[in-house]
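So the structure is just underneath, and the comments pick up after that.
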Amino acid sequence: LHSRFTACIMSGASRKPALFLFICYVAALGVQAGEYCVADHQESQYYMAAVYEHHSILSPDPLALTTRQQALELMNQNLDIYERQVMTAAQKGVQIIVFPEDGIHGFNFTRTSIYPFLDFMPSPQLVKWNPCLEPHRFNDTEVLQRLSCMATKGEMFLVANLGTKQPCHSNDPGCPNDGRYQFNTNVVFSNNGTLVDRYRKHNLYFEAAFDTPLEVDHVTFDTPFAGRFGIFTCFDILFFDPAIRLLRDPEVKHVVYPSAWMNQLPLLAAIEIQKAFAIAFGVNVLAANIHHPSLGMTGSGIHTPLKSFWYHDMESPKGHLIIAQVAKNPLGLAGTENATGKTDPSHSRFLKIVSGEPYCEKDAQEVHCEAAKWNMDDPPTFHSEMMYDNFTLVPVWGKEGYVQVCSNSLCCHLLYDRPTLSQELYALGVFDGFHTVHGTYYIQVCALVKCGGLDIHTCGQEITEATGMFEFHLWGNFSTSYIFPLFLTSGMTLESPDQLGWENDHYFLRKRGLSSGLVTAALYGRLYEKN
């Protein structure tokens with residue numbers, strides 16, 4: 001079983017207004033643990049980045065009340081590990097490192113039990129402060145001091161997540177009854193240890209210990225080596241604020257993304273959504289996830305629209321450091337668009353179907369024309385639960401074909417050819433509505449998935465291995481321009497589309513030449529205005 005995977009994938013892309021159209025060529029390359037990826041280009045066009053997937057040392061009883069000193073003893077064990085990673089990264093010339101959400105203090109606390117783990121957090125907008133040089137300026141800032149000193153020692157920008165506290169007064173209408181705000185907070189330190197900025201998580205994921213800020217933090221920070229970065233945390237990636245609004249700033253070309261993400265297949269594995277975000281918005285994503293395989297938590301990566309360096313390991317109990325050379329300007333690497341579009345028979349057929357015109361082929365004797373919906377025997381639709389949502393699906397049978405399936409206003413289409421048939425069941429699914437489990441938000445999804453078995457009711461189950469090979473076009477009449485291309489093949493391997501974009505008011509994904517069996521190919525649309 002390919003439960004352990006560290007890899008690079010590389011491709012080419014070009015950008016279009018609104019969401020971006022990427023025409024990608026893909027090559028897959030495995031990378032052994034401990035190695036790092038370096039592109040063969042001029043050094044001035046790149047910077048060195050690192051993310052650390054951390055197996056955190058957890059409190060044996062997060063519900064128990066403890067002292068500040070006991071809390072610091074636990075957190076310092078995790079900070080010791082962080083410091084070792086910083087020094088390893090420094091030897092490789094890393095200029096920015098990202099650590100995961102909850103990596104220092106852990107999780108599953110109550111509001112009261114987490115209190116000893118919280119640092120006081122002054123506002124970087126109001127106070128210029130270097131905690132390493134001024135350790136006694138504020139009380140209860142021991143964690144910030146250690147992080148600041150790490151950044152100084154490693155001579156790199158450092159991004160980490162910790163719990164913070166902020167006193168408030170009874171005349172503040174939002175002030176909690178205990179007289180303080182408690183925030184899930186990312187901090188950014190410069191390479192000389194100065195506190196650059198902080199981001200307080202807005203879209204909390206069942207985190208009773210923390211408060212939602214009264215206003216959304218839209219935080220960006222500038223670096224001398226790569227320009228402007230945006231920052232948000234874990235569950236934020238699925239919402240408009242702050243993630244999407246940050247990207248309205250054209251100077252934001254990079255995102256730092258601490259997370260504690262529990263993988264949920266087939267559509268929302270950590271590396272899957274990280275890569276999709278990078279492709280959809282044409283930015284670099286530096287994503288650090290926590291490492292607790294028993295909780296389904298693994299999957300970190302450094303993703304650009306052109307390549308990904310990722311790690312996913314459900315077996316090893318150890319953390320993992322990813323180091324990669326990253327383009328300063330991801331849009332500057334745009335490749336030439338695929339010129340095979342209208343001459344390729346598969347793409348010609350797709351264009352005819354999506355336009356509603358008949359499709360004609362000419363052989364030696366005569367011209368044969370077919371209706372756009374050229375399959376005469378539509379397979380039966382059925383319903384199955386996927387990601388806790390009631391999808392409508394059709395089986396994908398045979399060596400080649402065209403199928404469609406609709407729900408509410410969304411119709412999904414698949415034109416496919418299979419070089420060889422495997423003894424596996426695949427299905428095309430559609431969902432257009434509110435997702436209501438573990439959060440409520442509106443989605444439109446077209447998904448080609450491998451089912452868990454040969455029974456249709458296994459479609460939507462979590463699987464990681466597959467042998468089925470496909471060449472295909474997947475498309476739908478989406479009502480949103482915010483569409484994430486989700487793409488996984490066997491062994492938790494990331495793939496990139498050959499082509500993405502709009503055609504006749506339909507958004508499509510095209511792929512030929514998979515590196516391994518298809519697990520998931522999906523277009524995941526978010527209608528933020530309906531939340």
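Cβ coordinates are placed from backbone N, Cα and C, and glycine is handled just like the others.
For 1-33, the entry in TrEMBL reads signal peptide.
Marked as domain 'CN hydrolase' by TrEMBL: 61-340. Mean pLDDT, taken over the domain 'CN hydrolase' (61-340), works out to 95 on the 0 to 100 scale.
Taken from TrEMBL, the feature active site, proton acceptor applies to Glu101.
The 10 Å shell around the Cβ of Lys201 (active site, proton donor) contains 25 further Cβ atoms across the protein chains shown. The active site, proton donor annotation in TrEMBL covers Lys201.
Taken from TrEMBL, the feature active site, nucleophile applies to Cys234. Residues near Cys234 (active site, nucleophile) in space but far in sequence (CB under 8 A, at least 6 apart, same chain), listed by position: Glu101, Lys201, Tyr205, Tyr257, Pro258, Ser259, Ala260, Trp261.
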